[in-house]
Amino acid sequence: MKPTLQLDSHGRLRHLLTLEGLSSELLLQILDEAEIHDQALRGPDKRQATLTGRTVINLFFEPSTRTRSTFELAATRLSADVMNLQIAASSTSKGETLFDTLKTMEAMQADMFVVRHEASGAAHFFAEHAAPGVAILNAGDGRHAHPTQGLLDLFTIRRYKGPDSDCFKKLTVAIVGDVLHSRVARSDIHGLRTLGAKEIRVVAPPTLIPAGIEEMGVKVFHDLDAGLAGADVVMLLRLQKERMLGAFLPSLAEFHRDFGLTRARLAKLKPDTIVMHPGPINRGVEIGGDVAYGPHSLILQQVSHGIAVRMAVMSMILGEPRAPVRAKRRSRR
Amino acid sequence: MKPTLQLDSHGRLRHLLTLEGLSSELLLQILDEAEIHDQALRGPDKRQATLTGRTVINLFFEPSTRTRSTFELAATRLSADVMNLQIAASSTSKGETLFDTLKTMEAMQADMFVVRHEASGAAHFFAEHAAPGVAILNAGDGRHAHPTQGLLDLFTIRRYKGPDSDCFKKLTVAIVGDVLHSRVARSDIHGLRTLGAKEIRVVAPPTLIPAGIEEMGVKVFHDLDAGLAGADVVMLLRLQKERMLGAFLPSLAEFHRDFGLTRARLAKLKPDTIVMHPGPINRGVEIGGDVAYGPHSLILQQVSHGIAVRMAVMSMILGEPRAPVRAKRRSRR
Amino acid sequence: MKPTLQLDSHGRLRHLLTLEGLSSELLLQILDEAEIHDQALRGPDKRQATLTGRTVINLFFEPSTRTRSTFELAATRLSADVMNLQIAASSTSKGETLFDTLKTMEAMQADMFVVRHEASGAAHFFAEHAAPGVAILNAGDGRHAHPTQGLLDLFTIRRYKGPDSDCFKKLTVAIVGDVLHSRVARSDIHGLRTLGAKEIRVVAPPTLIPAGIEEMGVKVFHDLDAGLAGADVVMLLRLQKERMLGAFLPSLAEFHRDFGLTRARLAKLKPDTIVMHPGPINRGVEIGGDVAYGPHSLILQQVSHGIAVRMAVMSMILGEPRAPVRAKRRSRR
């Protein structure tokens, strides 16, 4: 992976593929931009003209109504023209046809692709082959990265533990659950490290911790109570039930007993601990329903912030005058 | 069911779940507003700015391309941002997950949900749990209600039997067909009663008449010719063929013979009798194709009026200044 | 088929069903209009207000994400309100229900239907039954016609062999592949003949050449090298792999060996030969991947031009003041 692929020669964001390698200045710039959008979304008219006439294509090789909705709404509210394409990954699994799809949709004068794919690295593949002036936004690729989720998590933490961006340096963050399969966990860890989080913990049974994760600068816990002790932020991960049973876990009930966040466990934590989850939740598995909608939970706020963060990234990448870049692209054709 | 759930403290429409309990003043206000939209839809530019920047989500747990299209067009022509979500009812049958879906989409700053669900009461469930400032429009819930269909039927009757709104008091209306399963029949009956229809009849074989329907103030007929005699308005219901055979009916041919509206039967009625059907029609079952496109039929006009009526309801609920309500909602998050 | 169905009493385009019978003046008028749109699509803001408030419905009875996307983008960029309807052809195969679908969507105040159907003649059926003021655009019907593909091919040829519109008179064009099943080939042949192409060849094994095609004024070749000799333009057709094997072809490898355009074959042609393909390509069947993205290929340019051509047709049909026509339609209801 080449993180520099994401920046143009002026150091501005060109694609968003991963939070790995992005500077704290750039991360905070995105969060600041998102604050402005979050404010604007509170009024009745949530439209602004920033991306009028630009074309954003949601290219989803893996179905996800919920994630697609957030990108669709973000682009629509920036006045972009949005088109949703749901493509069976099976029919385009080969790089050759991914390439054909990219080039064909580029030829339809698309300005940005929001790409979701089950294969790690798919968004990088698109970015490496995209024409100048065409932007790629990673909406989740395999186990690799989900950078806008990472950004909205950082935004939410700063909103409730800040407002000072230095707040991260005082925070102990516990990431709980299926770290092994989680692109969300990877993006969260990259972002939290860059912003200087005091301590990052991953808490899961050994079968759900990837080998060598300590090298990312995190502490590994296999006991939930130990992992939660003193945490300021608890980030729960979604358990992909369908691919879990048998291979990695004895039973969902056992997972809940050992690693589920219940009201009783929450009561032992600091009163200002915040609880986060990327959704959709599995009630009674990684989280109790009463915790999900309880006073510590920021799960719905995360959803709201997700729109603002995606609007920020889209407008930072596409909203500026890019006339010279675009002129170059067109003359090549 | 709490019909008052539909009104705010000033008696204005807040949700639209059922016509039951709505005053004749409010019904006529909607019809009057719809007249304005129907007029505007005759020009080449069918867009108006009323709901610019508002977000309307079509939440369809039961597939219905046709009904969804009318709501999508109505909202689009009011300049709202529309998002279509088709959700398998099976995966969200439990109240818990319906609740999660509502809260998640609310967090995406949705202003209105158009809800279609196979379970009676689903729209009420959403309205009971919706945040202040979020509106629910019932697009059909089980056998319970389909209020916008009821409104467009009232609109169509007044258009062709009015223009005076007192016209209903002189009308005998025959509702023919599968009354048992029909949410359309229920909404029509509620609306017609409130507007003072002289006589409302339901005409069907005994197996397709719900027990106790006389309490709604209707007369029951099991013979079509008797039921049609003297009728000013004939409202045919769609026969859900797939769930009919065997259980309720001996055969479609027999139903057509006994309860289908043919040209011969129509010839015996008053020359100014109007024929209506919510569509899509089953030719040769509840209606003959020559009747459907014949001079008495208002079936296509009903479709047109459906757009105007839905625009009226959407703009009455969302179009007014609701700043204080919305501000309250936002500050809660 | 009645080609005159496509024109109004002033000789202006009213529907677009086939290129057969359209005058060279009209074809060139469309290409000229498309040049303007193609220019406008190079800027960052690709929206124009031409069709504001008009409703365009994509009525696809045969799935085609790619073709639908081009029509959707074209209409959106003209500011029309676009609605996509994917309808299973099985459930509407009878003319009666096609008619019902047309009339119902017309009643929703649709201004234009983009129709794709597996049955030859489906678009004509719609045009014959459409209300005055409602336009039909054929997006491919069976083996019959795909007129916007024909237009974008003409546009591409003129762009690279012109700019003079007389350029066609000097060109030898070879159409290679499955001519038998190809609506694209038919539309290309009609357009090329009308614009006076010097020589039109079809090149394919005998099983893939329709009987009597010589009457369309083309020369038939069963040998690829002979068919390509001296060609200025090579138009490859997509092989519908799924319906090919066994019935028409011994194997895909054999087809590629005998009729695939490889780099070696291309090297024998004139240096300024251009290669076209309607896409999506089958790499290693009708074309080598290196040829598809090589210097002679205009495949991606065709895609771009397809948007401009569709915008041209849509704005020529719907963009002009049609108030009297529309008023007449409405009063009939």
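Cβ coordinates come from backbone N, Cα and C, glycine included.
Predicted automatically and left uncurated, TrEMBL annotations should be read as such.
What TrEMBL lists as domain 'Aspartate/ornithine carbamoyltransferase carbamoyl-P binding' is B:14-158.
Residues or ranges marked as carbamoyl phosphate binding site in TrEMBL: B:Arg66, B:Thr67, B:Arg116, B:His146, B:Gln149, B:Gly279, B:Pro280. The Cβ neighbour count for B:Arg66 (carbamoyl phosphate binding site), using a 10 Å radius over every protein chain in view, is 17.
In the structure as shown, the Cβ atom of B:Arg183 (L-aspartate binding site) sits within 10 Å of 21 other Cβ atoms. Feature annotation from TrEMBL assigns L-aspartate binding site to B:Lys94, B:Arg183, B:Arg238.
What TrEMBL records for B:170-316 is domain 'Aspartate/ornithine carbamoyltransferase Asp/Orn-binding'. Predicted-model confidence for the domain 'Aspartate/ornithine carbamoyltransferase Asp/Orn-binding' (B:170-316) is 95, expressed as mean pLDDT.
In sequence order, B:Ser64, B:Thr70, B:Ala139, B:Gly140, B:Pro278 are the residues of the same chain, not among B:Arg66, B:Thr67, B:Arg116, B:His146, B:Gln149, B:Gly279, B:Pro280, whose CB sits within 8 A of the CB centroid for the carbamoyl phosphate site. Maximum intra-site Cα distance, carbamoyl phosphate binding residues B:Arg66, B:Thr67, B:Arg116, B:His146, B:Gln149, B:Gly279, B:Pro280: 17 Å. Burial estimate for the binding-site residues (B:His146, B:Arg238): highest at B:His146, by number of other CB atoms within 10 Å. The DSSP breakdown of the domain 'Aspartate/ornithine carbamoyltransferase Asp/Orn-binding' (B:170-316) into helical (H, G, I), extended (E, B) and coil residues amounts to 64 helix, 26 strand, 57 coil. In this structure the alpha carbons, written CA, of B:Arg66 (carbamoyl phosphate binding site) and B:Arg183 (L-aspartate binding site) are 16 Å apart. Chain C comes close to B:Pro280, taken from the binding-site residues B:Thr67, B:Arg183, B:Pro280 by a C-beta to C-beta distance under 8 angstroms. Here the binding-site residues are B:Gly279, B:Pro280, and the one with the most other Cβ atoms within 10 Å of its Cβ is B:Gly279. The separation of B:Arg238 (L-aspartate binding site) from B:Pro280 (carbamoyl phosphate binding site), Cα to Cα, is 7 Å. The most crowded of the binding-site residues listed here (B:Thr67, B:Gln149) is B:Gln149, judged by how many other CB atoms sit within 10 Å of its own CB.
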